[in-house]
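Take a look at the structure set out below.
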Amino acid sequence: MQIFVKTLTGKTITLEVEGSDNIENVKAKIQDKEGIPPDQQRLIFAGKQLEDGRTLSDYNIQKESTLHLVLRLRGGMQIFVKTLTGKTITLEVEGSDNIENVKAKIQDKEGIPPDQQRLIFAGKQLEDGRTLSDYNIQKESTLHLVLRLRGGMQIFVKTLTGKTITLEVEGSDNIENVKAKIQDKEGIPPDQQRLIFAGKQLEDGRTLSDYNIQKESTLHLVLRLRGGMQIFVKTLTGKTITLEVEGSDNIENVKAKIQDKEGIPPDQQRLIFAGKQLEDGRTLSDYNIQKESTLHLVLRLRGGN
């Protein structure tokens, strides 16, 4: 049967083969036609590198199938580059290649400009002027590719378990966008996420710039447990504050949340519900405060009763 072999230069070679031919035989035929030694040939079909001892039939290669020929440079090696989408790119490199070269190869394969690429290995960001050998990157090492958005920046999100997530964002991203990025990375639904920065809970409709969140700022992620609820707190000025709470939260917790939002110290807060002043040690459930209940906040003046 006839099969085709396409090179990286775009040239297509036609070969006469049998299904029972092994990959070594095919490489020998390519050497006959093109003069490329078998040990410099890598053949790819359906995204898989073909092994010398296997046959065309083993890989279900049939008539008029197209194989791709990649040259293995003398002294060269293969490395892998994994993107945030989970895609893995295979590159042919030399230990002496610098990081700029590697980014150029990624651009050739994926069309991503080098100035938008950040490469990470063993937790370190790789610098353009250094070589793969400088970082002890060896054959079949995996690098991680993070895209640097134009005008974008990196921020960190720390969870209660101590894990830190790195996100690529823009100052103009709103908090909903950030929660969506966290969902993409961690699988946590946005409605279960509460993001805290500088002691304040971030509101969905506001942007990172609104909160003066800059590059390498750290946000804190608190999970809103299912079974949580929203309540409202109305001040004497008529302002209404929305709080995320649990029925098991005690009144002290609620006052702390109000302090986070409004900056009012707990000892200056008096909370009223259904005509009763709420006591610190009791819980919302004790007072039968349910979702969307409204509490009234009265300020206790310093020195007052």
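Cβ from N, Cα, C; glycine included.
Less than 8 angstroms from the CB of Lys48 (ubiquitin cross-link) sit Tyr59, each of them six or more residues away in the same chain. Swiss-Prot lists Lys48 with the feature ubiquitin cross-link, giving similarity to another entry as the kind of evidence.
What Swiss-Prot records for 1-76 is domain 'Ubiquitin-like 1'.
Counted with DSSP, the domain 'Ubiquitin-like 2' (77-152) comes out as 18 helix, 28 strand, 30 coil. If you look up Swiss-Prot, you'll see 77-152 marked as domain 'Ubiquitin-like 2', on the strength of sequence analysis.
Taking H, G and I as helix, E and B as strand and the rest as coil, DSSP gives the domain 'Ubiquitin-like 3' (153-228) the counts 18 helix, 28 strand, 30 coil. Annotation comment: Swiss-Prot describes 153-228 as domain 'Ubiquitin-like 3'.
For the domain 'Ubiquitin-like 4' (229-304), the predicted model reports an average pLDDT of 88. Feature annotation from Swiss-Prot assigns domain 'Ubiquitin-like 4' to 229-304; the stated evidence is sequence analysis.
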Handout entry: Residues of the domain 'Ubiquitin-like 1' (1-76) by DSSP state, where helix covers H, G and I
Key = 18 helix, 26 strand, 32 coil
